[in-house]
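Worksheet for the structure shown next.
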Amino acid sequence: MAHRWLILALVAAAAPRALASPGPSLNERQSDDEPFSPPYYPAPNGGWVSTWAEAYEKAHSIVSNLTLAEKVNLTTGTGIFMGPCAGQTGSVPRLGIPNLCLHDSPLGVRNTDHNTAFPPGITVGATFDKSLMYERGVGLGEEARGKGVNVLLGPSVGPLGRKPRGGRNWEGFGFDPVLQGIGGAETIKGMQSTGLIACIKHFVGNEQEMHRMSSVVTQGYSSNIDDRTLHELYIWPFAEGVRAEVGSVMIAYNDVNKSSCSQNSKLINGVLKDELGFQGFVVTDWLAHYGGVSSALAGLDMDMPGDGAVPLFGNSYWGPELSRSILNGTVPVERLNDMVTRILATWYKMGQDQDYPLPNFSSNTEDEKGLLYPGAVISPIGVVNQYVNVQGNHNITARAIARDAITLLKNEGDLLPLRRNDSLKVFGTDAGPDPQGLNSCADKGCNRGVLTMGWGSGTSKLPYLITPQEAIANITPTAEFFITDSFPSSVDANDEDIAIVFINSDSGENYITVDGNPGDRKTSGLHAWHNGDELVKAAAERFSQVVVVIHTVGPIILEEWIDLDSVKAVLIAHLPGQEAGYSLTDVLFGDYSPSGHLPYTIPYQESNYPSSVGLLQQPFGQIQDYYTEGLYIDYRHFLKEDITPRYAFGHGLSYTTFEFSEPALSVVTPLDSAYPPSRPAKGPTPTYPNTIPPASEAAWPAKFNRIWRYIYPYLNNPQADAAVANSSKTYPYPDGYSTDPQPPPRAGGAEGGNPALWDVAFSVQVTVTNTGQHSGRAVAQLYVELPDSLGLDTPSRQLRQFEKTKVLETGQSETLTLEVTRKDVSVWDVEVQDWKTVVGGEGVKIHIGESVLDIRTECEVGGRCVTL
């Protein structure tokens, strides 16, 4: 999401052409060189999943009594800066339905006070700890609920990390669909356990910040993705989120296969709502609404923040235009009823009808009193900030995540952990505070002091910050600090001194440019910012023992100094949030052994990546971003091309050592067929009269006090609009548009897809023993290798599961059980449009280790298990 209100949105994207097949695959082509997203109409109704039945029944009762204006009011935002939240819908006061508050961010409540700034997703992913993923979700839910937020805009599982320089990779959990999927699902479960509605984003193909948005000058880029790649990589984590019963899905700005995501009927109607069985509501990213009728027919349910192509004028593609489209018969009444039913069913399912708080903060001002509608020329004034403290004890969870994510890349001579009486000299501005003050940059749009998070809408204010400088000083008062990015000439270096050098690499969202980087790491590349490499080299020249601490949004090139003799230890502390200092000293001084693992690959050089994942730029015309690398991103590419990385995906050392032994595999649900059993039939969905409502339902109420710019559902002359329905005028519907229901997709049947896909095919056990001299935790990472008999080019190893041990003392063991589902050992069959596996699992190999290249045990289905 972005609040850059000067961005202009393109009015509409080209309509797709019709195909004869009732179930075409994504990116079928009209010609050899033109991507194509086939039509999929009509929008499937929600309510057929049994676990949502009660919520849909309640919603049906309400929707049956709503007027046209009230229905439209719940689908349309009130306008940018027209309320306390990033966006809010209209309300239905007579039935007790409030404006629904939608607000950022995935790591904490944005632009407010007395909140927790949790570590971002990339840090959470590095823990490889499902319990911490869930606990953070609970914390996010409790805080957002406490502030009166109905929908928190997170978690983010798109971008997936296809482009290493991508600006918002740090908001997600790692560069792998399973790591993203598990991280997203656990976060959703935690968030929604509190009654908050989670909003998984960005669906889909938002892998680059530059040129993602459409304007009156140019159209946002098109991510051109083949059907198999889209299913096996980019949709995978969204399927896990839908299976976790996520309440809402945010649509991305960009096109996919030359059709805008917000009106891409194949993606929303066909994949998300029909194949994945999504029961909640679909919302735009902010100002990502490019057409009114087209998006409604394509399955969009809510428009945020409500404005049309030119914001701040009170115009909308929906609002009164949606009322008009219903009255003149362009948009079927059934479609509007389903939109509103989905929104209210989600509200009921989370229990938000029961004493749920109203917003008690304003994202527009820090003052207690302020404008209620800051975007209006004349606005009433009232209390907008009540300064409700929602932090609770969430600092404990935040510190645990930041600590358990710390990834030890190198530790020669066991220099770490440090002793409290070591002679330490600390270098780098990344160790210290922002000299201009805490939260001095809006949305973290600067890189000063320790890097706690990237920049953009996916941030929150820091309630406090203990920097590494402060934390180290509290433990070793004799440490000397040089908070500068130029190595001081006056530093004395003794043999017993240990230099700790702090460096970082930042990125963020495209509406802010920092040091020449417009969101994506365009200028900096994958290198340290602020002279970081030179600072390390200078310290390595003067000191015989150097520890490097890196705060980074993603992969970073280390080659200028990583092999220098004096660089003994390297830690990646990722993005630690508010607990940057003590989470680091917990590990540096040995109170905890590092247990984080890389959620991405660190290459020797950027040229190790395929050329297709570089940033794309052009001043005019639509950028066509072809995903020609297919399934081969990050570690999958390195394995395929036999490129040894500097540090592999999943790599992470400890202060101790672990042995993996006694692997065992058992068959749980036999894979008796190549394809899953037949999907369950759809249950009934709510039904309503489909007659066009009276025009009077969209008329302005008498003596209504309008607020200029506020988006209302009312029409000045609704009778004239209603008369059009009986005229000879017809709307130019997209090619392929139909109101005839589609046959149920064979890969569907429940939330996430055919429930048989999650049948446990194999259970794998492995015993992990601490064989070192320090307590610690190990991560067992399970990778699947599929046989050539499937007849498809498939990555040689794919992460499919992971488990983390408890803290193991020296000599202590724990047996871990990792489950492998049917889907885990399947590929997407483009022709059949279903998931295909090897009958009996014959030839499937299961690898377990501490990274993708550090495999400790191997099992072959139908064969034996061995320890390597």
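Using the three backbone atoms N, Cα and C, a Cβ is placed for every residue, glycine included.
Feature annotations, reproduced from Swiss-Prot:
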SIGNAL    1-20  signal peptide
REGION    21-40  region 'Disordered'
CARBOHYD  Asn65  N-linked glycosylation site
CARBOHYD  Asn73  N-linked glycosylation site
CARBOHYD  Asn257  N-linked glycosylation site
ACT_SITE  Asp285  active site
CARBOHYD  Asn328  N-linked glycosylation site
CARBOHYD  Asn360  N-linked glycosylation site
CARBOHYD  Asn395  N-linked glycosylation site
CARBOHYD  Asn421  N-linked glycosylation site
CARBOHYD  Asn726  N-linked glycosylation site
REGION    731-752  region 'Disordered'
Drop a 10 Å sphere on every Cβ of the glycosylation sites Asn73, Asn328, Asn360 and tell me which sphere holds the fewest other Cβ atoms. Asn360
Using DSSP and three states only, what is Asp285 (active site)? coil
Could you round the CA separation between Asn395 (N-linked glycosylation site) and Asn360 (N-linked glycosylation site) to a whole angstrom and send it over? 22
When you rank Asn257, Asn328, Asn360, Asn421 by Cα distance to Asn65 (N-linked glycosylation site), which of the glycosylation sites ends up on top as the closest? Asn328
Position of peak Cβ density within 10 Å, selected from the glycosylation sites Asn65, Asn395: Asn395
Which residue counts does DSSP give the region 'Disordered' (731-752) for helix, strand and coil? 0 helix, 0 strand, 22 coil
Name the residue among the glycosylation sites Asn257, Asn421 whose Cβ has the smallest number of other Cβ atoms within 10 Å. Asn421
Find the one among the glycosylation sites Asn73, Asn257, Asn328 whose C-alpha lies closest to that of Asn360 (N-linked glycosylation site). Asn73
C-alpha of Asn73 (N-linked glycosylation site) to C-alpha of Asn328 (N-linked glycosylation site): distance in Å? 18
In whole Å, how far does the CA atom of Asn257 (N-linked glycosylation site) lie from that of the residue listed as 'active site'? 18
